[in-house]
Ligand code: NAP
């Protein structure tokens, strides 16, 4: 369903981003896999995508760095001609109570999670405007909707991403560019390793289990596809009912 389209996915070396890259390739999209430190894992995702008959390439880029994002978008545009889908998924957490949180812990999380999405959209903006088509999907979190003790930095970055999503959606709607956000709850990845097999966590989730990266990927594929053309500025929770 995404045949002939190209997708740029940040944080695609592991976890949710890797699952999104796999899913979009499975749907026929060419993929630009952006990683920060895990080159080998990114290259493995590229190799896997190529077996599905699509073009795939890996790019190192720290999304917190404005110039690196500019260079990555430029290179991707040269390599693929253009791209229609941008998935802002790269993210980190540095959880602790505000009492212990250092200024750098706040800045690092905001710089990667929120400014990273700004940087990538900023450098793709003209292209999306010119081609009068685009699908931007930002991976936020239920923490950005509900707040969470121990996550003042993370929740602020994810709430900011929701504001960013709705504002970009309003700015670019006239150019037929949709911008939506996905707000996962607990998903089984490296980020939530500490929460695995902890009944006190799953007991708080109405569906009584954590989500799988593939489940987030299916929703991202839906938002990247033409079938969702009339959805923009939306934040879709995918959390087993956690934030209901
Ligand atoms: P993960 O397994 O820890 O993977 C994080 C990914 O982000 C990796 O590919 C990593 O690249 C990349 N990354 C980190 N810092 C980066 C930087 N400065 N520049 C570029 N890439 C960077 O995390 P995940 O659980 O899949 O999370 C993916 C997204 O979903 C995040 O935005 C997270 O906040 C959000 N989310 C996750 C959950 C959850 O329960 N897991 C819930 C809600 C929202 P390298 O591998 O190269 O380091």
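Glycine is treated like the rest: Cβ placed from N, Cα and C.
Feature annotations, courtesy of TrEMBL:
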type: DOMAIN; residues: 5-185; note: domain 'Ketoreductase'
type: BINDING; residues: 11, 12, 13, 14, 62, 63, 89, 154, 155, 156, 157, 158; note: NADP(+) binding site
type: ACT_SITE; residues: 154; note: active site, proton acceptor
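Recorded features from TrEMBL, shown on the structure.
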{"residue": "11", "record": "NADP(+) binding site", "DSSP (3 states)": "coil"}
{"residue": "62", "record": "NADP(+) binding site", "DSSP (3 states)": "coil"}
{"residue": "89", "record": "NADP(+) binding site", "DSSP (3 states)": "coil"}
{"residue": "154", "record": "active site, proton acceptor", "DSSP (3 states)": "helix"}
- [ ] Kindly point out which of the recorded positions 11, 13, 154, 155, 157 have a C-beta less than 6 Å from some atom of ligand 1.
- [x] 11, 13
Open item on the list: In whole Å, how far does the CA atom of residue 13 (NADP(+) binding site) lie from that of the residue listed as 'active site, proton acceptor'?
Closed with: 21
Open item on the list: How many Å separate the two farthest-apart Cα atoms among the NADP(+)-binding residues 11, 12, 13, 14, 62, 63, 89, 154, 155, 156, 157, 158?
Closed with: 25
TODO: Take the C-alpha atoms of residue 154 (active site, proton acceptor) and residue 62 (NADP(+) binding site) and report the distance between them in angstrom, rounded.
DONE: 18
